[in-house]
């Protein structure tokens with residue numbers, strides 16, 4: 001047994017060292033003149049908000065398991081800082097291949113941080129089942145595939161670059177669901193995948209941080225920042241109020257359920273992510289926030305009782321109904337709003353052009369979901385090979401496999 005842990009320790013350490021060496025070589029060779037990287041930028045305030053949201057917010061948001069708090073926060077931080085460097089390398093590769101323009105250091109870093117949201121969401125689906133080495137491999141593969149999906153949408157479907165980044169919710173949720181379907185289910189008697197009031201409280205703290213900084217996330221790279229901030233906040237506010245209302249209505253004893261609040265209060269921000277910059281009437285954003293909260297709470301009941309058992313899925317943090325379903329609703333809303341806007345502006349005379357725009361929008365969303373599901377299934381199969389030292393199901397959802405607990409060794 002000790003030799004197995006020694007081997008696992010060496011594999012993680014050397015793999016991280018190899019990655020950092022490659023990143024260092026890339027920056028050394030590609031940026032001999034750093035003048036353009038450190039050029040002034042107005043993105044820093046929003047960038048810092050998103051940085052807090054992804055590292056602190058998602059780190060505590062994932063802290064739902066009673067014996068997996070160290071890994072939820074610590075490994076999320078590790079994946080983010082590794083993934084951002086990987087994203088910058090991919091961005092530079094795309095510039096080198098003339099597939100996009102060089103946008104400067106701060107904007108490239110901001111796009112990398114937004115892209116890492118997909119990894120943070122996917123991590124919630126496999127939380128407690130994948131070891132650190134598997135999580136790192138999954139993150140690198142997911143980021144590369146996400147950038148390929150982005151390039152397809154931008155190049156062939158002419159989707160604006162900042163909107164291709166808003167597909168992180170769709171991609172992250174369905175990629176994570178597909179990956180977790182390839183992992184063995186935890187045995188019925190295993191109780192480590194339960195939450196406690198303390199873990200739920202920390203998770204709610206992360207939810208609050210994600211909620212507070214979500215307007216910056218939706219407006220970071222948008223052209224109409226004021227509209228994006230206002231519409232996102234209104235949608236989030238309505239979804240939060242609706243979450244409390246629906247939680248009391250759907251509970252047997254009429255009390256609030258923390259699991260409902262934990263997931264549904266964020267639904268508004270996900271639902272308006274594609275349209276926050278273009279909505280011209282606040283009531284539209286408010287309705288989308290309400291519908292997002294409804295679909296999240298109703299989806300949590302249907303998925304956990306019917307869909308997940310039928311397909312033998314174990315979505316640890318419920319990312320499917322927290323991010324996936326509201327993102328699908330937002331995609332449908334974006335198409336409907338596009339039809340109404342273009343139809344009114346052209347007085348419904350140019351139906352062929354309108355049909356083409358609808359085809360492009362629907363094609364972008366379908367391409368994102370199908371790519372996430374297909375590549376997620378393949379990635380899940382790769383992660384379960386013996387080379388990556390798959391964790392036995394009896395060791396699921398337990399920090400002690402990866403972290404020291406000094407208080408346990410001294411008799412406390």
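Heads up, residue numbers simply count up from 1 along the chain you see.
Positions of Cβ are set from backbone N, Cα and C atoms, glycine also.
These come from TrEMBL:
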- 12-38: transmembrane segment (TRANSMEM)
- 42-387: domain 'Ammonium transporter AmtB-like' (DOMAIN)
- 50-69: transmembrane segment (TRANSMEM)
- 75-97: transmembrane segment (TRANSMEM)
- 109-127: transmembrane segment (TRANSMEM)
- 133-152: transmembrane segment (TRANSMEM)
- 201-221: transmembrane segment (TRANSMEM)
- 228-249: transmembrane segment (TRANSMEM)
- 283-307: transmembrane segment (TRANSMEM)
- 319-340: transmembrane segment (TRANSMEM)
- 360-385: transmembrane segment (TRANSMEM)
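With pairs at least 6 apart in sequence, the transmembrane segment (75-97) and the transmembrane segment (133-152) have 3 or more Cβ pairs within the 8 Å limit; the two touch.
When each of 75-97, 109-127, 360-385 is scored by its Cβ pairs under 8 Å to the transmembrane segment (50-69), the top-ranked stretch turns out to be 109-127. For the transmembrane segment (109-127), same-chain residues at least 6 beyond its ends with a Cβ under 8 Å from one of its own Cβ atoms are 43, 46-47, 50-51, 54, 58, 61-62, 64-65, 68, 72, 75-76, 79-80, 83-84, 87-88, 91, 103, 134-135, 138-139, 142-143, 146-147, 165, 168-169, 171-173, 175-177, 179-180, 183, 217, 220-221, 315-320, 322-323, 376, 397. Per-residue pLDDT, averaged along the domain 'Ammonium transporter AmtB-like' (42-387), amounts to 89 for this model.
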